[in-house]
Amino acid sequence: MMNIKLYLCFVAHIFSFHVVLVTSAANQCVPVLNNKCTSELGSYNLTRFPNALGHSDYTASDGEFHQFLNLIDSSCSPSLLPFLCSAFYPKCDPLTSTVLPPCATECVKSLSQCSFLFTFYGFNWPSNLSCDRFSDGSHCPQPGVSTCSTDVKKYTEKPCLEYTKKAATNTSTYWFGTNYNAVCPKGSATSFNCTNSRQGTADSIASRLQLDLSQLDRTVNITYTHGEGSYQSCGSKFRVWNGNYIEVQPGDGVYKAYDVHQFPRIQWHAAKSELDSLIVYDVGNLYVHGIYVNIVHGEISSGQVLKSYLHPIPPQTEPNPFAFLVFKQSSSLSVSDATKQMLLQTTDLAAITKTLELTGPVALNWINVVRDPYAIEGLVDLHIADLCPYLETGALLKHNRSFIHSDTFLDVALSVTFNPSATTYTSCCSTHTVTAKKVTLKSLAPTYVDTADVRTEAAPTINFYKAGLISLNRVTDTYTLICIDPDVSKSHSPIIHWMVTNIPDGNIQNGQTVLPYIGPMPPPGKNHTYYFLLYKQSSPVDASTVDGYAGPHCQGRCLFDINRFVADNHMTLSGALWMIAHNDAYIRHLYVTQRGMDEHAVCHGVSGYSANCHESVVIVG
């Protein structure tokens, strides 16, 4: 028994020696005695007491550290052990005796990744380790966008705020920043991707909006949802099969305009007595998309609408930031009709905040949005711009044709409309009546036509105008219009059906008709596609030279070397539409009446055809 007592006294003596060793050098670096931190981190072996948690010695620190062992051994988060070691045993510099404090980012990662185990282990996260107590110094991992997720922000918003400030001041992120010359080598005149009212200034979000981010003290939560649906754009129907749920985190991801077309859920933390304003703003295009004032407790539904929400309609294919900015009000706002009218008309964010006497922003979030067919239709509906030719470019490039090059970029909206009059004709013993109608070719979906509706006598009406701002869409160049059928067997040259050259100012009536319009006449057994191609000329075309590009024995239906003609005249394909026709009753009528082909041969196998033609059937269509 005495031996045991002596042994315990010896152990107590040794332990007290260590306690003295750790505590005797107050405000001095001392060895780290925690095996978890020394063996698994290995990056430092000196610490200092008291630590950030108020522990004055190793005994107090180790006692509380022990409760985390199950979580550490579970490997629930790679951030957990570094964070705990920095909190309980902060790294100490032996030269200055200064320590590196715990990192807020490591704290929130630990909590968000390990909280699912708390119930299993019967564990409660200590209040003295609340992530709000810590910040991110230069020694900390830089906060990423993941720190702005709801799961992380419920522990602390500090890392997200730091990330937001950093991301909002980055001048290389967006098309209007330092990458502008790379994205837009020819400047703002090249396309809508490059329209920039601050050209020559490499902007970040903060500089573009002239924001002072020093007052950011909270985050704003934004979520978008949408289900399955469909919409019209450029005359065609687009179907969206899958719904979506988007938790907006500053600049994370890239979304199409349809993904964010519905009004989002918007909320932020605010004192009950506080009144705020929310401004929704298109950063790239400097346009106000919504103004809400007198918002109570961060719930936008409680506020007053000065300008209703307009969903993103970016003309750019480059990611464009769509921002939500929260400002503080000094008091409740009573906005006159005159002031409201001014706010509806201005796009100047600084003027809005000055007029309403707002301070901030105190919260900022944004989502990256790119142009899609939904945005293009929105721009047309608002009478801002017509960018349908940009969609048509994508559709045209899917056609495997020798006259469609991989670098084709359509910049003219072409309209082709047939207005056939009523007519009656006989085909294979049947009488067909065609009613008068209007046939307009679609720009994105294939338009299947009855050949009687697009016959030679029903030459179409052609209109075209420049893509881009509707207010500036007047055509000033000179063009050539060509209609061809490339589905000709055993020939690399298509059949030409129409040619008008030297068309000035978009007025085809003032152009020079080289070949009048000839309607389709496809052979049996295969659909033929007929292209209406509009080429921009670099110089006047000598119509007398066109015959040199036609095939031999050209009488009515001529092969035409379109590629050589375009190359020799230095033309650029600017607009295109197409229609699809098949060998139908009207074509069989033409075979017999115009080509003099044998009716029995033409009509063989046609339903209802009788060689004796004793009866006639009237078909109205």
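Count begins at 1; order follows the chain as displayed.
Quick reminder: no glycine exception, Cβ is built from N, Cα and C everywhere.
Among the features that TrEMBL reports, disulfide bond is placed at Cys76-Cys114 (among others). In the three-state DSSP reading, Cys114 (disulfide bond) counts as helix.
Positions annotated as disulfide bond by TrEMBL: Cys107-Cys131 (among others). In the three-state DSSP classification, Cys107 (disulfide bond) falls within a helix. Same-chain residues at least 6 positions away in sequence with a Cβ under 8 Å from that of Cys107 (disulfide bond) are, in sequence order, Ser79, Phe83, Leu129, Cys131, Phe134, Tyr155, Thr156.
Assigned with DSSP, the residues of the domain 'FZ' (24-143) fall into helix, strand and coil as follows: 56 helix, 8 strand, 56 coil. The annotation domain 'FZ' is assigned in TrEMBL to 24-143.
The annotation signal peptide is assigned in TrEMBL to 1-24.
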Tell me, if you would, which residue among Cys76, Cys114, Cys131 (disulfide-bonded residues) has the fewest other CB atoms within 10 Å in the structure shown? Cys76
